[in-house]
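Listed in Swiss-Prot:
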BINDING   HIS1006, ASP1008, HIS1135  Fe cation binding site
COMPBIAS  194-211  compositional bias 'Polar residues'
COMPBIAS  361-370  compositional bias 'Polar residues'
COMPBIAS  381-391  compositional bias 'Polar residues'
DOMAIN    944-1167  domain 'JmjC'
MOD_RES   SER150  phosphoserine
MOD_RES   SER209  phosphoserine
MOD_RES   SER330  phosphoserine
MOD_RES   LYS779  N6-acetyllysine
REGION    194-215  region 'Disordered'
REGION    271-293  region 'Disordered'
REGION    310-398  region 'Disordered'
Amino acid sequence: MYKSLLDKAGLGSITSVRFLGDQQSVFVSKDLLKPIQDVNSLRLSLTDNQTVSKEFQALIVKHLDESHLLQGDKNLVGSEVRIYSLDPSTQWFSATVVHGNPSSKTLQVNCEEIPALKIVDPALIHVEVVHDNFVTCGNSTRIGAVKRKSSENNGSSVSKQAKSCSEVSPSMCPVQSVPTTVCKEILLGCTAATPSSNRQQNTPQAANSPPNIGAKLPQGCHKQSLPEEISSCLNTKSEVLRTKPDVCKAGLLSSKSSQVGAGDLKILSEPKGSCIQPKTNTDQESRLESTPQPVTGLTKECLVTKTSSKAELDNATAPELQKRLEHTASTPDGLSDKPEVEAGVTRLNSCSEKKVGPSDLGSQSQNLKETSVKVDHDSCCTRSSNKTQTPPARKSVLTDPDKLKKLQQSGEAFVQDDSCVNIVAQLPKCRECRLDSLRKDKDQQKDSPVFCRFFHFRRLQFNKHGVLRVEGFLTPNKYDSEAIGLWLPLTKNVVGTDLDTAKYILANIGDHFCQMVISEKEAMSTIEPHRQVAWKRAVKGVREMCDVCDTTIFNLHWVCPRCGFGVCVDCYRLKRKNCQQGAAYKTFSWIRCVKSQIHEPENLMPTQIIPGKALYDVGDIVHSVRAKWGIKANCPCSNRQFKLFSKPALKEDLKQASLSGEKPSLGTMVQQSSPVLEPAAVCGEAPSKPASNVKPICPANTSPLNWLADLTSGNVNKENKEKQLTMPILKNEIKCLPPLPPLNKSSTVLHTFNSTILTPVSNNNSGFLRNLLNSSTGKTENGLKNTPKILDDIFASLVQNKTSSDLSKRPQGLTIKPSILGFDTPHYWLCDNRLLCLQDPNNKSNWNVFRECWKQGQPVMVSGVHHKLNTELWKPESFRKEFGEQEVDLVNCRTNEIITGATVGDFWDGFEDVPNRLKNEKEKEPMVLKLKDWPPGEDFRDMMPSRFDDLMANIPLPEYTRRDGKLNLASRLPNYFVRPDLGPKMYNAYGLITPEDRKYGTTNLHLDVSDAANVMVYVGIPKGQCEQEEEVLRTIQDGDSDELTIKRFIEGKEKPGALWHIYAAKDTEKIREFLKKVSEEQGQENPADHDPIHDQSWYLDRSLRKRLYQEYGVQGWAIVQFLGDVVFIPAGAPHQVHNLYSCIKVAEDFVSPEHVKHCFWLTQEFRHLSQTHTNHEDKLQVKNVIYHAVKDAVAMLKAVNPVWANVNSSAHWR
């Protein structure tokens, strides 16, 4: 069949091309094309005729593909192609392009059907590129924009604002097809340089989308777009048919007119003809579209730098950086006149007449429409949810005629307050805006301006010809009160905490905070003195992420000034090291810049997010507050060798020193305090001294147990022995720091029982109670260690004066209520007295006992929650009734195969009815299935609000588990940031009952970066299986469960749901080595970017668990989770689950102060996983969480003076 192709001269002629195998031809005469010669008539006709629209789009794509194929373009690498075959039985066969050779214009392909076929010449044999749709980019799939992530605060649903309709006058400019060279440059700068990423959930990728149908135009002229589906306009939705402004006088080219970046302007430099610009209706000019926006504002004063302050500009931007960033667009004759500003456009009242400033973060800015700056109201798109009421959007400074005129006349620099696509086409576009400009699919929505990487970051300026150019970037000293207030410990911002909680949090994570500060200082010290550090202002609802490893960027990072590509400190350091050594950086590939230019480390710009020196000022306040409250500091800052390692001065402050010949370094920098902050204590300051009337009376050899026994007789004083305070250096954090010598200064302090029982973990010698709990009394008969970490035994020895031999005779599971010590918490012990089980989920004292075991890294169980829940909400019938028609993916637990095309109802039908389950194709046997990711993502709260409320109202230990819990550090993250997804998440699966199923796991061995509370809300005993109880009992016994657990099943008649095996986080490396050893024995490979634990590819059955203990000495906790049990799993603890019956479990994640160190380490581990790994992305933002938790804690503590006179002795928080 003949296919008609558009020529390059317009629609005046049609070229028929015959392909191999086609036998029919269809010709279209010129007369039939007359009705669509007029552009506006073409718009209307194509909008109504979707078939013609799709044909045009398909032809353009095919034309582009042919050009790339005939040239052997390397951009086709990874693309699926069809190759014509002369064999009549197989007319086409599929292959994958693995290499392109532009010199020989051939393609190297990989064909499974004909392995011998390696080289294809598209000029000799017909080759077609396979497209799933017109918005895919090779093999890459993109859920969202590469770097930025929207906040869930505005709701989960994202809707596009409806657009009003208006008419446009006829155009006299003919429509021309896109030149191949232009399209190639477009795809080269964005498609080939932008790999896929799954880090965003709201901005789909469209890299191979066809560009606009338009002519080559001289700079300053503008074409008129077709409707929305070809050039993002052939859309069935009722939208405004927009025209483009005549900007010849202003020298401004609207980015909507051209989909090419600044690097592509050379292609458009030759004029092909003149364009007559149509005028838009005045009604359209005055129509303003009201759209909601995220509430994030700058101060009322606008961030504009006047050119009269020449010294300030020179000081803010280094000459080398200025030379690289300035982009002066060449303009043709007649374009140098300054634009005339026409009144009649609504003015902004938020800025004064003398100062022009950007709009609020997240504002919906408008396009420049004409010389009179008419606004294209429909070009804006909001990412806000309809559920959130937000103030009207503030407009860009460029949309105000008066302010625009003043900016052009004065040449003042101002901050970019709109996305790149809404400014001008001459300026380099960031990566997000280049992708946004190429989207053509009607279902894809444009990003809000806040997702532009240069939004409120890049500074712009009009030159003397009235052409907009890049002036530089914001610097750290250009902050305002609102920007700095987000990072300072202000008491007015602290809610949901108290003094005791603040002290406990600071005692646990203060050292980690100091290590973050030292790591930032060390990274800052590597920056050359002559290089200017830029400041990237935090944007509400946007999470800055490394484009290489997907880790959340905390503060210092490196940014490409041309496209906004950003990398974290670790990736930059590794890349630079490999470049110096001549090695290839194989861990992760760096995406390319505009026009496929390589990102070299030396061309990137150091950038910080925290304004000014706030990070270092808060670090000083932390030391001051800890000394003020007697909170011991075991951080490296406590050593005097770091005393001079103070806050680095800003680069502006270093210029004077560099000019005088001095070489500044961190050891010689003068400490400078921010005027916003009070003077802080010097690092290494000793903690506050105890009262002078306190005298230590205990001998040096007093045992911990004897000291604790003295508590009941009133002897509460004890002298601390000299200790060597060491802090493990975090992996990949501060490698360059020298080793820390021990501190030789002794600290004589007093302890109360309350302060000691609640002591956080600092080191191995940190507390008498911890030493007692960690003591070992040998091995039992079966060879397993019996470590009596029993609070009951300790309390009983105090109250009842029992000896250790008497304690061993006490029956297991005996509940003791030592009310004299302040604990009245019903509980018992499982796993041979190694697992605490709390019996009353609503007891107010639970967290006191829980915390002592939790800080040891032990799991904890709470029983009886099902009595508090609304059971009707959690039955399978309710889920089937509400969601039975939803399509989901199922996983076969025996084979790990994914079953698609099923519904939620299919799963619930077999939940308690074995014969009604889905059957496999071969044996026709019922499968053991689990629901995969349902409800999907973060939809639990929105999809099941009543169940969410029921769970949150009854989940135990709310201080930790609720989103606003005072000991849940994730609650300290301000709403300004993207909140981490901490659940709840549902886990629904059938039971594995048969003996053969004991080698399978419902969830294989893995670990999580955060703590978790897993609630068993329903246990379903299926019908149709015999001898279920006997098989379940054997599985429990085979799983190494203790006698008390078995009694719960046999005598207590409780419903067992799942068998857990949990291991201590400290044993992770041993388990990893063991699994690698076993995999090598089985002939399996161990790739560098994969991990046997993170890959969830192993389930440890009885034989493997036995080998693990015998060869590595690793013993875990075997826990049977009954109906109503809540299992608390510490962060970083490897664990696996085997369902005994059909179970419905709900898990809520949280971040506890006790386990932040594991979050730190795991974040570094996840960086080295493959980019397709589910745990690869740093969703927790652990550094941001730590910073703001410490910030709030010191804000609370520095505002209150400790009243030591009200207590008998000073409680020393350690």
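Please read every residue number as a count from 1 along the shown chain.
Here the Cβ of each residue, glycine as well, is placed from N, Cα and C on the backbone.
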Cβ-centroid neighbours of Fe cation site HIS1006, ASP1008, HIS1135, 8 Å, sequence order:
THR1003, LEU1005, LEU1007, ALA1012, ILE1129, ALA1133, PRO1134, GLN1136
I'd like the Cβ neighbour count for ASP1008 (Fe cation binding site), meaning other Cβ atoms within 10 Å of its Cβ, all protein chains included.
20
Including all protein chains shown, what's the count of other C-beta atoms within 10 A of the C-beta of HIS1006 (Fe cation binding site)?
20
Spatial neighbours, same chain, of HIS1135 (Fe cation binding site) - Cβ under 8 Å, 6+ residues apart:
LEU1005, HIS1006, LEU1007, TRP1060, HIS1061, ILE1062, TYR1063, ILE1129
Give, as a single whole number between 0 and 100, the mean pLDDT over the domain 'JmjC' (944-1167).
92
Does DSSP give HIS1006 (Fe cation binding site) helix, strand or coil?
strand
Give the three-state DSSP assignment (helix, strand or coil) for HIS1135 (Fe cation binding site).
strand
